[in-house]
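One structure is given below, encoded as structure tokens.
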Amino acid sequence: MFTIDFSDHTGLVKDAWYKQIEDLLEFAKKEEHIEDDAELSVTFVDKQEIQEINRTYRDKDKVTDVISFALEEDEPEIDFSGLDIPRVLGDIIICTDVAQEQANNYGHSFERELGFLALHGFLHLLGYDHMTEADEKEMFGRQDTILNAYGLTRG
């Protein structure tokens, strides 16, 4: 089982889009060979709220498109097999204002950009990062592979 708790603080995300994001992340979970039951949250916020979160928790006083808080970060890997509890991956926070701007810049739909950002945040929850050039190449390559296999491409 894969549980995703959605929360929209903006009122801009259509109910049907939750299903697309859920399907994409379920696909990504399989692609990443996560067989355990898992749980995460996806919250949609505006620029003001994401800047406040970024400032408070990351010491970066600026707006961004997506922030992820991995619950397993810097923790030893835990074997959940045999336990009747889900693996709690963490929280993904997406700024709908920035998502709309990026969708316009890339020439694709707002819905599609939300999918890209949700997957990007999901990969962060799994430990991918882009702090170095090598890490960026690995993460973005993985992101593109999953998006292409799922059929959600830019443009």
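Along the chain as shown, the residues are counted starting at 1.
Note: Cβ is positioned from N, Cα and C throughout, glycine not excepted.
Pulled from Swiss-Prot:
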type: BINDING; residues: H120, H124, H130; note: Zn(2+) binding site
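Of the chain residues outside the Zn(2+) site list H120, H124, H130, V66, S68, G121, L123, Y128, D129, M139, Q143 have their Cβ within 8 Å of the site's Cβ mean position. Under DSSP, H130 (Zn(2+) binding site) is assigned to coil, being neither helix nor strand in the three-state scheme.
When each of the binding-site residues H120, H124, H130 is scored by how many other Cβ atoms sit within 10 Å of its Cβ, H130 comes out lowest.
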